[in-house]
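**Q** Would you mind keeping the following structure in view while I ask a few things?
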Amino acid sequence: MSFVHKLAKQRRTVIATIHQPSPDTFALATTVVLLSGGRLCYCGPSPEVTEYFQGLGFAAEGFSNPADFALSVVGGSLGTRLVHVPGGGDHEDGRADGSGGTGGSLLGSYGGGSRPLTPRELAGRFQASPAFRCITVTGSTSTATKVASVHAFGPGLAPVVDPSAAKRERRQPTSFPTGLGNQCRVLLERSWLTQTRQLGFIRAQIAKNLIVASVCGAVFYGQGAVPPPSDQFNQESFNVSSILFFAMLYTIVGNLQAIPQLFTQRVLYVRERSAFLYSTFAYWLANALVNLPLVLLCHVIFLNVAYLLVQLDRSPSVFFYTQFVTMLNNVVAFTFAQFLAASAPSAQVALAIFPVTFLFLTSFAGFTVPLQDLPSGWIWASYISYPRWCYEGIVASQFSVRIDGASTMEYYGFGGWEPGKSFYILFIFLLLFNGLVYWGLLPRRSRLVDMEDREGEMREKGEKKGATTCDTKGLRAPLLMDDMCCSSMAVEGGIRDEDEEEGMGQGGRDGLQGAFPLHSSMANVAGGPDGGPLSSPAGPSKGLKQKLLAADDKDLDIPRVLLESLTGTSDTAFIDSRLNSGGARTSNESGRGGHDSFLSQLQQEDREKGSALDVEDFEMRSSNIPKSGGIRLRFRNLTYSLGSRGWHGQRKSESRAGNVPVATPLAKDATGTKKYLLRKASGRVNPGEMCALMGGSGAGKTTLLDVLAGRKTAGLIEGEVFFNGKAGMPSPKLCSYVTQDNVHIGCFTVRETLHFAALLRIKEGVRPAQREKMVDDVLGMLGLDSVADVMVGDSLRKGISGGQARRLTIGVEIINLPGMIFLDEPTTGLDSNISYEVMAAVRNLANQNRTVCCTIHQPSIEVFALFDKLILMAKGEQVYFGATHEAVKYFSSPALDFAFSKGVNPAEFVMSASSGSILTRGGLKRDVHELSALYRASDLFMQFNDDFDAAVLTAPGGLCPGLNSTYGSALAAEKDLTSAPEMSALENRLFFRDMLQINKILIRRQFLKMRRNRRLVVVGLIRHVLVALFYGSLYWQVAPTAIQSRLSLLFFAIMFVMLGNQQSIPAVYEDRLLYYREKGAHVYGPYSYWMTCAASFIPQIILNTLLYSGIMYPMAGLHSNFACFGYFYLVTMLCSLCALFFCQLLSITLPNPQTAVAVFPASLFIFVLFAGFIVRLPSLPSWIGAWCPDASFARWAFQGLVINELDGNARVSYKDLPAVYYSPNPYQTMMSNLGFQGYSKWFTVPILLLNMVLFRGLTYLSLIFINHESR
């Protein structure tokens, strides 16, 4: 913010939103704008904000930070002494005579008691204040600005802007910061840098094209050099035209992987374009140009390698013509993929549309159905099919020097071809698709605006009962402010207008975001499903300082330094009057110490005012939750190291070093050195305690947490760890690990998410009613009961807020009420108020005799006060372990000599001291190694070592007589916990439930997810119906002599069902994230996931292929036999299942969906290449033909359908194939030509089943041996 302030000093206008700034940051702002409930409550100089609200009767005593004071006022968490009495005068403290009032002020008439003011009241008072009159006179004179500024006050106080006019204003063109040339240059530079940094993706693309070209060249090796036996269309003519058709197909499908990549880029474009950073044209041009080099490079590699191996015509004119036409076709296909990415609402929809359009366009290329054989109703489609013009051009070019060229051109219907025609038409298509891409990118209605509008709509019928929206989309920045404006905004919290039943709801927050760049986490603070208040943005500090100041008759058993920081006062007499005579505890083994007393006095909140949920709120909600037996954690000298080069260690090992199970050491580099991520960390945490692991980025706190939780999958771990006196890691089923990411099924409600977590994690024998009661209790305990029936939400649907999602993640992991909880950064991305609510819920869990270890970044004073123990890390080394309230005393001691200023957050102080950001009183800068050495030489560490050694000596064989009674009782409790029968029984089990029950639960969850995502199911049905109608009409009652048309129909029938499964790849990746989380928690293993991951897809395939076959088969007039139709349906269904299982294999094996989507079409084309349609199997080289076709499940599916169609079909005639027609047995001759002789059609079924088993088996092995969640 200091840098931003420098920008403001350079005569720039700066408007910034910020979450609860520190006093120093708040002082940087020249002007502050305060909003509440979408209403303007204050706009003026930041130094005058305290004086202004004091004039309204709010007491600022006890607030060291004016920002906290202002946010407490507008958030409704601080009451005014001046209360309105209709018809009365201005009175203070209820004096009717007005002696204590401020007669003649703007406040109107007051009396009675003390209460907060609603957003409407605050806005009304500001509107009547001199400050408002000042800004309306000196501010912008623009009519639109004036109208927009007063719109924030709501109905009855100012004219309301027409929402449609506001939207029109929002869409009007605006000047950009830089010129078009600079925009294009910067975007090109950025996009090129991004492209070149993706080395893995570039290598994969090059390798893919090289492999496919090599396979294609090997299959068709030397075919282009084989002279035709005659001038008539023959088998050699068909082979060459097949090669060209395959090359054309691959140049189209090879661009499929561009869709997910382009969607990722589009997210950034939408936000930057909405901020008017650059024009659509600049982005369109940069995106079109920067991808061309890689597209062209891959094309050159594929075509040149394949061209040389196949030995096509090498004359320069033919070679370069084929090169450039196919290259232009490739670029057109890539541009079409860009159009889908720019226009489709999601990548899944675009991936679903692509195969349909691909099959449609290639069906009219002339190869599968010659142009003269097209039905009259479909002739027009051949003119809009750009693959047709590419194929026609390369076929005509290659056959122009062959003796069979004329007959080949006549066979495919390519008469009247001219060399330049393909170029011109493909170039027209390129311009057309580029225009469509530009049209799709235009912000006619920005996706960001769509998201904002959707947030104001009802999520589901009944999910937001009684919620209405307040349209404030016309709200604009009320002023043009010189210098720096710090917009500390408080969204609707605990106080609502009493005369407004609707309130602001979600729509009010939409208007707020439309006015300022409000962070999404801030906008979602008010989170109830009914639009009601759940929390206040003022944070947990609301009322705490006032209660501390007012505690005249109570002693506070809290540390002096925290009391000084919270109250912001250094008055020794005042502090002493509020501290108990015993003083603060200093013992490191004090357990909770004075924590209960500390919290009970520090966090007394007035819930009737709708304040933030605190520990006592959660304690009242969890009265039915049983307390844990407790788990005691002790560890010493934990060290974690990696080989300095590469990750070559095994994933798991049963070897041991010291007292902890370790992974196999990584291979050392040439110098024999290792990289240490953690060095000699020590500590202990008792039941009922919360331990904070703090440190800067890269300090090693997450590494330490992962080591303690047994989550490390590589590297060498050394040291000693004891859980309840047992050496080694605890059973994962007795602990829970809350990851940093919120991984949930977005279409489930909060209750359903916890319901399935309970089904999977609560042991058998618990009645359903008891289990559901447990779910309700956890919902209440975490404050989620008000959003229990709201969907969790994901990227496509609005859901619960960030804080609620974090609490839900915690709820999922603790649904079985474990004794120990590890949390990795539970407050990441949350504002201080929501962070406090989350940590208050965690504190409540610790109060139930659970052991909690948590990594956290710079907590607020209130959050820091929730912790009992602190482990402070810096660059992998430990610089402090001890009681939280002793940390400031330790770093301020003469040994370290850091100066602590009153009013400073103790967490910020110790973090600054450990990171070297501040100097000692003597002006010295202590580095990490010095701080670590000082700690290890301190009395704290010596006492810890003595206690640890005593605990180790007594753990195996009983209590040591020399220990005092208190410590001996603790060790006795450890012994009892270790021998608890229920704990031992749970440890001895592999999972919480038996395998059969787990599989049933997972299948139920998959089907519920499918039902919730029924839009995708419906889209799949519609796609199959439309393609069936298309093929049925294209091949309508195919002629008896049209053998090639029948073969092409059967080929494309299996091609479609195979290609249609690519959209399952993103879905599998979403499920994989959830699988990794639940596997890490030992909810289930690879086998259960493997058994159930395809459960919801199989019924869809059965139904989709039934509709597909039932429509297309009779329309095309295929073999009119019910048994033959049943076989056709069976084979297409099995082929689709094979493709599905192959997609799942790729999704489990490959690291990301972009790679899987790129590999799938290449693999599919290799399967298709050996199917027997594009190239006849007898034409394959012997060393390939002997085994490659047998490995292609597409070959067996195509072979079975061909035999099913031709064998015994009296309607089929071979007159158009003289060599077959005049043979003794035309059917056997045809099968021999195709390479299908000697097989029964029923041989196909077990082969397809065997391929399914093979793909499923490989998937299971991948789940066991490949883990993309390396920690």
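Glycine is treated like the rest: Cβ placed from N, Cα and C.
Pasting the relevant annotations from TrEMBL:
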{"type": "REGION", "residues": "86-111", "note": "region 'Disordered'"}
{"type": "COMPBIAS", "residues": "97-111", "note": "compositional bias 'Gly residues'"}
{"type": "TRANSMEM", "residues": "206-223", "note": "transmembrane segment"}
{"type": "TRANSMEM", "residues": "243-263", "note": "transmembrane segment"}
{"type": "TRANSMEM", "residues": "275-308", "note": "transmembrane segment"}
{"type": "TRANSMEM", "residues": "320-342", "note": "transmembrane segment"}
{"type": "TRANSMEM", "residues": "349-369", "note": "transmembrane segment"}
{"type": "TRANSMEM", "residues": "423-442", "note": "transmembrane segment"}
{"type": "REGION", "residues": "522-544", "note": "region 'Disordered'"}
{"type": "REGION", "residues": "573-613", "note": "region 'Disordered'"}
{"type": "COMPBIAS", "residues": "573-590", "note": "compositional bias 'Polar residues'"}
{"type": "DOMAIN", "residues": "633-900", "note": "domain 'ABC transporter'"}
{"type": "TRANSMEM", "residues": "1016-1036", "note": "transmembrane segment"}
{"type": "TRANSMEM", "residues": "1048-1069", "note": "transmembrane segment"}
{"type": "TRANSMEM", "residues": "1089-1113", "note": "transmembrane segment"}
{"type": "TRANSMEM", "residues": "1125-1143", "note": "transmembrane segment"}
{"type": "TRANSMEM", "residues": "1155-1175", "note": "transmembrane segment"}
{"type": "TRANSMEM", "residues": "1242-1266", "note": "transmembrane segment"}
**Q** Using a threshold of three or more Cβ pairs below 8 Å, and leaving out pairs closer than 6 in sequence, do the transmembrane segment (275-308) and the transmembrane segment (206-223) count as in contact?
**A** yes
**Q** Which range wins on Cβ pairs under 8 Å with the transmembrane segment (243-263): 349-369, 1016-1036, 1089-1113, 1125-1143, 1242-1266?
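**A** Checked against 349-369, 1016-1036, 1089-1113, 1125-1143, 1242-1266; highest Cβ contact count belongs to 349-369.
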**Q** Would the transmembrane segment (1048-1069) and the transmembrane segment (320-342) count as touching if the test is at least 3 Cβ pairs under 8 Å, pairs 6 or more apart?
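**A** No; fewer than 3 Cβ pairs under 8 Å.
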**Q** For the transmembrane segment (1125-1143), which stretch among 349-369, 423-442, 1155-1175 has the most Cβ pairs under 8 A?
**A** 1155-1175
**Q** Going along the chain, which residues at least six beyond the ends of the transmembrane segment (423-442) come within the CB cut-off of under 8 Å?
**A** 269, 273, 280-281, 283-284, 288, 324-325, 328-329, 331-332, 335-336, 338-339, 342-343, 386, 389-390, 393
**Q** By a Cβ-Cβ criterion of under 8 Å, what residues six or more beyond either terminus of the transmembrane segment (320-342) are in contact with it?
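**A** Long-range Cβ neighbours of the transmembrane segment (320-342): 247-248, 251-252, 254-256, 258-259, 262-263, 266, 287-288, 291-292, 295-296, 299-300, 303-304, 307, 312, 350, 353-354, 357, 386-387, 390, 393-394, 397-398, 419, 422-423, 426-427, 429-430, 433-434, 436-437, 440-441.
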